[in-house]
Amino acid sequence: MIIDDTGIIKSLLTLIGLCLFFSSLNFNEFSNYPSCALKFLFKHSGILLVCTIFLIYTSTGCELGLSYKELETLSSNINTKPIIMDSDTDHSKEENSEDDSMNLALIKNIEKEINKLNSSNDKINKGESKKRSSMVLLYSHGSSNNIDMSMISKSISYIHILNVELILLYIIFLAIIIISIITNRNDKIIDIQDYEGKWRYECPLAKLNSSIDLVEFIYIIVVLTRAIKIWNYVYIFKCTRFIAYSSIIWIIMGPFANV
């Protein structure tokens, strides 16, 4: 009950983010401004892109995933539906078979709706999120004839809106990074003496670098918190647990070391 297909676009964007980050390691920020600026650009654009994709995965799981307790409640609602007894045994079996088929079709429809998140870029209507909306009101009065799929549609619309907001937020951060690189460009070379007595170039982006490190640290904390929340959920992306593992390592060895 997990989604194996994580989406080719999100996977490619994650790979691009990692490539940008590792490319930044080839530049020395203590040599000159162009080298410092390229390191600053590649490092933070890559990290923020990966964090954005991770946040999309975990947010989708929080909104559309089900805990085992909720799944048991949903199953009990299905199992406790009143069955109308008929004198004709064959007719009763036929009705039970139809109910089972309907329940199976419901589960498949839920999976289909969730998987649409991987490739859908269509225009959506604005809606508010409903807590645990992936399962609430799926059955009304214990009858499979009163299935309410509107709540699932609202959750999917919310996820689409959240994805757009996160992408716009990334674009804003990227614009801030580029503008900062342009405005902090200074032809005057500033050298400082380190603790070993050696002189080295001081990049004017150093203070801003620490500020963005802090933003990235907060980003990762949010990702880890949501990943832990949906740790035992069903109907979530398979990669969610790996995101939690990598976030823990990232906090210890990643931006935390620079804050």
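A Cβ is built for glycine as well, from the same backbone N, Cα and C atoms used for every other residue.
Keep in mind that TrEMBL annotations are predicted by a computer and have not been checked by a curator.
Residue ranges 7-27, 238-258 are listed, and TrEMBL annotates 7-27 among them as transmembrane segment.
Contact between the transmembrane segment (158-182) and the transmembrane segment (47-66) is supported by 3 or more Cβ pairs under 8 Å, counting only residues 6 or more apart in sequence.
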